[in-house]
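Novice: Have a look at this one before I ask anything.
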Amino acid sequence: GCSICNRRFALKATYHAHMVIHRENLPDPNVQKYIHPCEICGRIFNSIGNLERHKLIHTGVKSHACEQCGKSFARKDMLKEHMRVHDNVREYLCAECGKGMKTKHALRHHMKLHKGIKEYECKECHRRFAQKVNMLKHCKRHTGIKDFMCELCGKTFSERNTMETHKLIHTVGKQWTCSVCDKKYVTEYMLQKHVQLTHDKVEAQSCQLCGTKVSTRASMSRHMRRKHPEVLAVRIDDLDHLPETTTIDASSIGIVQ
């Protein structure tokens, strides 16, 4: 374990990577060989191999594209992780609101919303965000710059992923139709999000804290974040100990399935 803060680790490599936060108090100079910082973003890695793999995200080259939504990634493992968002299985359930997530990474970010953690700030207007990706998307609104243009119709976009998704309209069309309102979408994922936010009704679900009634899961999630953030505080660090598959009986925490 760490002799400075008493935190314990299962792997020696993880311990050495952790020690970088105590750089000024390192008890053993030899641990420096396990500390490999990225000179671009400062993130620390415990091996040169992991560092080199990480640095691919800074090249701007995203050669691994998702065939379902057009989103591209710098590394194959990142694409593999992303592909889980297109599955119907949501293995990771939020113990606070019952919302299911498809990856542990997504659940970790979701928990930040409950705890009210907003560590990313827009330097232009000082609005804060829980997720870096949302902050970056927001910042582009201040510039008005749209660097990505569809070569098929000339429409411009501020994000490459948005452009790639748009191009599917020209190549495959809107093949996915909502069975409730007949609205069409170019990807199954976009259709699923539409159904979840618009038509995923629940039977007379009321907030157990104040009695407010809502008609969709998304509405309940928004209500809990805005009206009861103090009871949704969680220990995000505990997520590091989640098993590969987490099963939680949502009914046991008062969530209607």
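Cβ atoms here come from the backbone N, Cα and C positions, even for glycine.
Below are the features I grabbed from TrEMBL:
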type   : residues : note
DOMAIN : 1-27     : domain 'C2H2-type'
DOMAIN : 36-63    : domain 'C2H2-type'
DOMAIN : 64-91    : domain 'C2H2-type'
DOMAIN : 92-119   : domain 'C2H2-type'
DOMAIN : 120-147  : domain 'C2H2-type'
DOMAIN : 148-175  : domain 'C2H2-type'
DOMAIN : 176-204  : domain 'C2H2-type'
Novice: Could you count the residues of the domain 'C2H2-type' (92-119) that DSSP puts in helix, in strand and in coil?
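Specialist: Helix (H, G, I), strand (E, B), coil: 12 helix, 4 strand, 12 coil.
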Novice: Please work out the helix, strand and coil residue numbers for the domain 'C2H2-type' (64-91) from the DSSP assignment.
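Specialist: Output for the domain 'C2H2-type' (64-91) reads 11 helix, 4 strand, 13 coil.
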Novice: For the domain 'C2H2-type' (64-91), what's the model's average pLDDT?
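Specialist: Mean pLDDT across the domain 'C2H2-type' (64-91) comes out at 78.
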